[in-house]
């Protein structure tokens, strides 16, 4: 099973629906480690990301309308945090820990727009001081490392930011993994409408000796933010056996079509399998297996239908982006804006629906002691051991 990593400048997440939409989008990518920038959250608000598939959060806060970086780690990923560095500007969060028995350093970074020597010095020095052989850093570095390839329209000159980032890559022996796998491709992660420019300024950097373990790296579509997510899938140092357990999604029981299907399939099953000569226990066990297959098939079909529309719009956005890069047509730009708005609307509506179901679930349980309450209490307990950093 691959480890899937994503970096994404989300351009603010201080509203519950957008946070839910972000988590849904990351889940769609199968993300296990997420590096987010421009979260615009306080410490307490950052902790609200600790829900659903997220088992660990590590962050650096600044204010509710500026900066903020966070690392989200999947609850099933066996990562144990040992040391943490966070700056006071909401720009750097670094975690050193153990993943599949190997020492790893994870980092989420949001670089200043204007060159800041102290920022780049702090990033380089702190990463070097944590002394970790395996490094994986994602972030918005606010510069194009190759202005000819990573900018439209292209430029010949390099910014101070790009020279500083290249120096860090050289000093720490890191690789821009997307460019390594796509040496001649032009795809951009940020679209500035006021300046009519498109740039690739969001990156995943990793230790050179880890490059062989990467299966793929992709740039997603711009939807909830004005930045596109960047993803990679890599083989873990060691594989763990995958659990084959399955549970019914109880939200399906609120769907009238689904409950009608259950009734029809139950009648069909009993018509051919329930007779006086059959052991009731065997009938029951076989029924559970039969219905599990029906439910899995139904869920898979509905999920594919839901994703098909989203994927269609994402492909349309990719096509329009490529056309706009070539033509700079105002008409195409209008179509691109409309497609992005449509995609954002689909993702947001899904998040609103999920939140509504969650609120209904909490309302039904109230303050009664039950498994839901136990689960919430267990989530508050620390999942890993931490060493207090003196950095």
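Each residue, glycine too, has its Cβ placed from N, Cα and C.
Here residue 140 (active site, proton donor/acceptor) comes close to 7, 9, 37, 38, 109, 110, 111, 190, 201, 202, 227: these same-chain residues lie at least six apart in sequence, with C-beta atoms under 8 angstroms from its C-beta. Look at residue 140 (active site, proton donor/acceptor): DSSP puts it in a strand. Annotation comment: TrEMBL describes 140 as active site, proton donor/acceptor.
Residues annotated as active site, proton acceptor in TrEMBL: 227. Of all Cβ atoms in the shown protein chains, 23 besides its own fall within 10 Å of the Cβ of residue 227 (active site, proton acceptor).
Positions annotated as domain 'Endonuclease/exonuclease/phosphatase' by TrEMBL: 6-227.
Taken from TrEMBL, the feature site 'Transition state stabilizer' covers 142. Same-chain residues at least 6 positions away in sequence with a Cβ under 8 Å from that of residue 142 (site 'Transition state stabilizer') are, in sequence order, 111, 112, 113, 161, 201.
Annotation source TrEMBL lists site 'Interaction with DNA substrate' at 227.
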